[in-house]
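K.L.:
Pasting in a structure now, in structure tokens, and then I'll have a few things to ask.
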Amino acid sequence: NKKTLKYIMSPFFVGYTNLIKTIVGTGVIIYPILISSNGLIMTIIMTVLSCFFSSLGLIFYAMLNHKKNKTLSTIPDNKIIQKIVNFVIVFKCISVGISYIVIINGIIDNIFKKEYRIFALLILLIITLPISTIRKYSKLRFTSFLGIFATFSMVLLSLIRLLIIWLKDDLKSQIFLNKKTPLKFSEMLKDLGSYVFAFTCHQSIFTYQNESFIPLKIVNKVIISCMISAMIVYLLFGCLNGFLFKIGNDFFKSLPNDKITMMMQFLFLITVIFAIPLQLNAATFYLKLEKIIYRYILVLIVYFIALFLIFNEISIKVLLSSIGGTASCFICFLISGCYFLLYGDKKYKNLRYLAYCNLIFGSIVLIITIYNSIFTIIEHFKLK
């Protein structure tokens, strides 16, 4: 009816659907791992903290961009700052692209026999190669809808699995975490970046604002609603799987080898395959690579780095945490906090205090992540 159509076309609903599809995605598979390793209580605390400070970062960006039609890197007029921010964005896009390839390899390991795995991976990379070098990537934005569709489908499949186990009267015996998970503080510190990675969508707020021209109050409502929704989805998916199974560093390999797991892997595989060109096209755009040969070289370099990490068996948990604690940390906390303190209206004293909090939280996450990433990689290659 007209009332329903009016609501669907409302600025809030349009903004909500556009922003939520860029938040909820690959970060979902890390939550069962976090709940299994950090425990439910600590996972909730760290998720709320990360969600809160990431929301602040989005609100800061929205306030600075209101009626100005800017991008993440063009808020400052200083060319040097613009180049630094562009570098951070490119680093983030390339890192996420690499992590997607590593995730694909993990799924291929579960589906194909050992002798066919490398060929399957190479075929998928060859398919994505020409798409990743296309200069105009606006038509690829539909892939983020695949991400949210896959995520909610995976949550639904997890609920179906829970119902099946419950009907078999096998629910209690399946729950591993009904016993208190011992908190390992050092393990929690290693995972800090993963919580940040799950809530990174800050570039999208500029696109939404610049295309909609709506009041700032509605933008802020959209931000808060999307972040809370993402937090609920992550924790729900984490609990549904983290409570039922002993989840290791590879989420899909920790699940039972049944039809539900196969469906979840297929959904996630399709999403990630199409998300790689989106990330790499964004990187080539910010690098301003006009010639196609340069774009091919960049994409091939990314592929070789990903293959190097795969052959050296760097876990996806370590990879996502490292990306979240560095590139995502800069975008979510450090850049947003600095921008607001430098360019924000000084009459908002409370928000300026919160901007300092964003900087402090981001700095702590960044320092701990860099230390843990270097230490983990050194230890990994020592064992090799």
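Placement of Cβ uses the backbone N, Cα and C atoms for every residue, glycine included.
Automatic, uncurated: that is what TrEMBL annotation is.
Feature annotation from TrEMBL assigns transmembrane segment to 12-34, 40-64, 84-104, 116-134, 146-167, 222-245, 266-287, 293-311, 318-341, 353-378. According to TrEMBL, the domain 'Amino acid transporter transmembrane' annotation covers 16-374.
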K.L.:
What residues in the same chain, six or more past the boundaries of the transmembrane segment (266-287), come closer than 8 Å to it by Cβ-Cβ distance?
P.N.:
25-26, 29, 73, 86, 89-90, 93-94, 96-97, 100-101, 103-104, 107, 124, 127-128, 131-135, 137, 140-141, 143-144, 146-147, 149-150, 153-154, 252, 294-295, 298-299, 302
K.L.:
Between the transmembrane segment (146-167) and the stretches 12-34, 40-64, 84-104, 293-311, work out which stretch tops the count of Cβ pairs under 8 Å.
P.N.:
12-34
K.L.:
For the transmembrane segment (353-378), give me same-chain residues lying six or more residues beyond its boundaries with a C-beta closer than 8 angstroms to one of its C-beta atoms, as numbers and ranges.
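P.N.:
Non-local partners: 49, 53, 56-57, 60, 189-190, 192-193, 196, 314, 318, 321-322, 324-326, 329-330, 332-334, 336-338, 340-341, 344.
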K.L.:
So which of 12-34, 40-64, 84-104, 293-311 is most in touch with the transmembrane segment (222-245), counting Cβ pairs under 8 Å?
P.N.:
12-34
